[in-house]
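Taken straight from TrEMBL:
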{"type": "ACT_SITE", "residues": "Asp16", "note": "active site"}
{"type": "BINDING", "residues": "Asp16, Glu207", "note": "Mg(2+) binding site"}
{"type": "BINDING", "residues": "17-21, Arg29, His33, 61-63, Trp65, Arg67, Arg188, 194-196", "note": "substrate binding site"}
{"type": "ACT_SITE", "residues": "Asn64", "note": "active site, proton acceptor"}
Amino acid sequence: MLDKERMPRHVAIIMDGNGRWAKERGLPRLAGHNAGMKAMKKIVDHSDKLGIKYLTVYAFSTENWKRSIAEVSGIFKLLVKYVDSDLRELVKNNVKVKVLGDYTSLPNDAVKSLERTLEETENNTGLQFNIALNYGGRDEIKNAVKAISEKVSEDLLSPDDITDDIISSYLWTGSFYAGVPDPELIIRTSGELRLSNFLLWQSAYSELVFPDVLWPDFTPKEYEKAIADYQSRERRFGGR
């Protein structure tokens, strides 16, 4: 049984293993991404039921553009399909959707679908579902540094006043954008043991869990196992 008093406020997930899941079954990679979208929907629903306030998923990184044109195009078509088909349910369930990353560089139909979803869920007060799209942690930090440098050059900010909180506020998760606290728990499926340029600044004190389960097979039960692992740990934030 999970301890409701120790539930993480913010869970972030690296949804890894769609391609391997498809390969193991002799299916095209897009079949794996489609199965991954279905798994994501279940985890969004379960996060809401568990009372988690923020859920962030790593859907498409800045490095994913290196994949084949067919795969990239297919991923965005699946994204549009998911967003469009589930928008009514998201609104009904009081879920707010935010995007982390420069989504305006995505294909036009994906941009339109996302903007419609952002607008229609803007005033919802339940689970905040953050989709990291065209997102990279290094780019995020670099862009924050540029923005802060501009403020300094315009004499709107003193270098002596630059704090962790100031830097955080200029990140995609910061108060100027999505307004999301740092994740207490980061989950990466498939057994891979790395962050892959995801939430590099925000993960400083996150607990990391690496289930050896491919993303399409990551069920609500597996999700609860990862949260139980998190709850069994003592968070020290560098102290003792």
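Each residue, glycine too, has its Cβ placed from N, Cα and C.
Location within the structure of each feature annotated in TrEMBL.
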| residue | record | DSSP (3 states) |
| --- | --- | --- |
| Asp16 | active site | coil |
| Trp21 | substrate binding site | helix |
| His33 | substrate binding site | helix |
| Thr62 | substrate binding site | helix |
| Arg188 | substrate binding site | strand |
| Leu195 | substrate binding site | coil |
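Within 10 Å of Arg188 (substrate binding site), judged by CA to CA distance, lie the following recorded positions from the set Asp16, Asn64, Glu207: Asp16. Within 10 Å of the Cβ of Asp16 (active site) there are 23 other Cβ atoms, across all protein chains. Look at Glu207 (Mg(2+) binding site): DSSP puts it in a strand. Long-range neighbours of Gly17 (substrate binding site) (same chain, six or more residues apart, CB within less than 8 Å of its CB): Gly32, Gly36, Thr189, Ser190, Val213, Leu214, Trp215, Pro216, Asp217. A distance of 11 Å separates the Cα atom of the residue listed as 'active site' from that of Leu195 (substrate binding site). Taking the C-alpha positions, the distance from Thr62 (substrate binding site) to Glu207 (Mg(2+) binding site) comes to 24 Å.
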